[in-house]
Amino acid sequence: MPGAEKILVAMSGGVDSSVAALLLKQQGYDVVGAYMKNWINEDQVIGHCPWQQDIEDARRVATQIGIEFRVVNLMREYRERVVAYLLDGYARGLTPNPDIMCNREVKFGVFRSWAKDHGFAAIATGHYAQRVEVKPDLVTPAVLGGLNADGTPASTFALLEGADKNKDQSYFLALLSQEQLRDARFPIGHLPKPELRRIAREAGLATADKKDSQGICFIGEVKMQDFLRAYVPDAPGPIVRATDGRELGQHRGLHFYTLGQRKGIGIPSNTDHEAYVVVGKRAADRALLVAFDHPDAPGLFQREVRVHALSWIGKPVTTARALEGRVRYRDPRVPLEFVPESETTALIRFAAPQRGLAAGQILAFYDGERLLGGGVYA
């Protein structure tokens, strides 16, 4: 019975997680809401971080739908597992993805562990993604699912894109494990956003018309460059045109730029109004390499790329095969050939050249709508 399952809902103070909690309550589950207090911007150096308002909004919604509400303090774990990863990556010239790491390490990591330690069967979030049960093959036992108490193979779970393709957030879950997915619930994954807003308004939820957050995971409405300026020292160097080696100016630090970036480089376009784009970084002299934004700009487009730190939600892909990939959030899935080189690395051959594949970012692998896993651009 649904009522036998106790679920802890990660309530961010936004409308998505509010409706997630509401739907689970309506379905008869034993629901408790919790706000993860991961960052409070105590030094006020990075601008607006509305955590206090978010807690109040989440608390108001919990009261409205009649569920218990808690605040779970995970600030130390967030700094150690997400902020440190973020700052270390940028300091090494990479372009990390804090949202994906936050999901793996915090939301479905330490928060999930906290929930299990406090008697919850599962956690739920407001992600636009869908979790489906995959029945085991009774001839070949499902190793990933393990065994039931009676010795029969246990089910495994697959992660599908959200039904609303404009809001799909499966990409951000690319590094989850089967164990993490087993304990996850995504109550709104089948809903289009307008329908979700309608449900929130009809229920009179305090967050029904609250705008969606666009900031860094759990930090708030903060631009990445502002965050980096607060915590990573400037390391100036030359801006160099890759095609002829001409120095065009100076930059404040390579960590402020990523491959494919056009805005904020700090050098004007030419007389034909052609914009410059970042095509690389040269660590030896801290040079930022740029070129005019053309299809033939050196280093801007890649047909082949290597990925490492492979992570699979289900059975690992161990032989060369055709898959689809999402090279960054909101980009469409594109066809590729996956060629494994080891358990943790692979060569990727795209059917068409891809733009701006920055080292440190995540490539998510799909089989149709099913998310298989992901890897990090080398």
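A Cβ is built for glycine as well, from the same backbone N, Cα and C atoms used for every other residue.
According to Swiss-Prot, the feature active site, nucleophile maps to Cys102, an assignment based on sequence analysis. The active site, cysteine persulfide intermediate feature in Swiss-Prot is assigned to Cys217; the stated evidence is sequence analysis. Per Swiss-Prot, ATP binding site is recorded for Ala10, Met11, Ser12, Gly13, Gly14, Val15, Asp16, Ser17, Met36, Gly126. The disulfide bond annotation in Swiss-Prot covers Cys102-Cys217, and the record cites sequence analysis as its basis. Feature annotation from Swiss-Prot assigns site 'Interaction with tRNA' to His127, Gln361; the stated evidence is sequence analysis.
Here the features listed in Swiss-Prot are painted onto the structure.
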residue : record                       : DSSP class
Ala10   : ATP binding site             : strand
Asp16   : ATP binding site             : helix
Met36   : ATP binding site             : strand
Cys102  : active site, nucleophile     : helix
His127  : site 'Interaction with tRNA' : coil
Gln361  : site 'Interaction with tRNA' : coil
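Cα distances from Met36 (ATP binding site) to the recorded positions Cys102, His127, Gln361 are smallest for Cys102.
Nearest by CA distance to Asp16 (ATP binding site), out of the recorded positions Cys102, His127, Gln361, is His127. Within 10 Å of the C-beta atom of the residue listed as 'active site, nucleophile' sit 25 other C-beta atoms, taking all shown protein chains into account. Across the fold, the C-alpha of Ser12 (ATP binding site) and the C-alpha of the residue listed as 'active site, nucleophile' stand 14 Å from each other. Largest Cα to Cα distance within the recorded ATP binders Ala10, Met11, Ser12, Gly13, Gly14, Val15, Asp16, Ser17, Met36, Gly126: about 16 Å as a whole number. Under 8 Å, Cβ to Cβ, and six or more positions away along its own chain, His127 (site 'Interaction with tRNA') finds Asp16, Gly162, Gln169, Ser170, Phe172, Leu173, Phe186, Ile188, Gly189. Every protein chain considered, the tally of other Cβ atoms within 10 Å of the Cβ of Ser12 (ATP binding site) stands at 24.
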